[in-house]
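Colleague: Handing you this structure, nothing more for now.
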Amino acid sequence: MPKSILLINGPNLNLLGTREPHIYGSTTLADVEAASKAHAESLGATLESFQSNHEGAIVDRIQAARGRVDGIVINPGAYTHTSVAIRDALLGVGIPFIELHVSNVHAREPWRHHSYFSDKAAGIIVGLGVYGYRVAVEHVAVNFKELEKANL
């Protein structure tokens with residue numbers, strides 16, 4: 001059975017490609033999702049994408065993935081620094097996840113340096129631009145057995 005990956009993008013990532021392109025680049029979220037799906041399929045995995053600007057919707061989607069998804073790639077956007085609810089949802093479903101950020105959050109404003117997810121993530125990808133999505137998808141698809149053993 002193919003590995004199943006859920007790609008979650010948080011608030012304002014629907015503006016990818018047009019919002020602050022000097023920081024986030026010019027590739028759109030639709031382009032990222034299509035490329036991520038194609039890459040997952042080339043590795044024998046399936047990928048479903050979800051984006052929301054609403055914390056509760058993200059929590060609901062994570063909970064709905066329980067027992068149906070093998071790994072999550074999440075770019076929580078601004079919720080990285082504020083959302084205990086999303087953190088608790090990820091821990092509650094027990095699905096290994098990769099935390100992803102397009103920009104290098106550690107080279108930006110000090111308040112962006114803290115993440116509610118990093119200490120529980122199976123891996124963290126920051127500052128690689130949208131290429132980070134490819135890296136994250138590949139890691140989940142190829143190294144799932146290692147992710148499965150992640151101490152969550």
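Each residue, glycine too, has its Cβ placed from N, Cα and C.
The site 'Transition state stabilizer' annotation in Swiss-Prot covers Arg19 and rests on sequence analysis. According to Swiss-Prot, the feature active site, proton acceptor maps to Tyr24. Feature annotation from Swiss-Prot assigns substrate binding site to Asn75, His81, Asp88, Val102, Ser103, Arg112. Per Swiss-Prot, the feature active site, proton donor maps to His101; the stated evidence is sequence analysis.
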Colleague: Where's the emptiest Cβ shell within 10 Å among the recorded positions Arg19, His81, His101?
Modeller: Arg19
Colleague: Count the other Cβ atoms sitting within 10 Å of the Cβ of the residue listed as 'active site, proton acceptor', across every protein chain shown.
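Modeller: Counting Cβ neighbours of the residue listed as 'active site, proton acceptor' within 10 Å gives 19.
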Colleague: So which binding-site residues out of His81, Asp88, Ser103 end up within 10 angstroms of Tyr24 (active site, proton acceptor), measuring C-alpha to C-alpha?
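Modeller: Those close enough are Ser103.
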Colleague: Tell me, how many other CB atoms lie within 10 A of the CB of Asp88 (substrate binding site), whichever protein chain they belong to?
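Modeller: Looking across every protein chain shown, the total is 13.
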Colleague: So if I draw a 10 Å sphere around the Cβ of Asn75 (substrate binding site), how many other Cβ atoms end up inside it?
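Modeller: I count 24 other Cβ atoms within 10 Å of it.
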Colleague: Return the residues near Val102 (substrate binding site), defined as same-chain residues 6+ apart in sequence whose C-beta is under 8 angstroms from its C-beta, sorted by sequence, else 'none'.
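Modeller: Long-range Cβ contacts: Leu16, Ile23, Tyr24, Gly25, Asn75, Gly127, Leu128, Gly129, Val130, Gly132.
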Colleague: When a 10 Å sphere is centred on the Cβ of Ser103 (substrate binding site), how many other Cβ atoms does it contain?
Modeller: 17
Colleague: Look up Tyr24 (active site, proton acceptor) in the DSSP assignment and reduce it to helix, strand or coil.
Modeller: helix
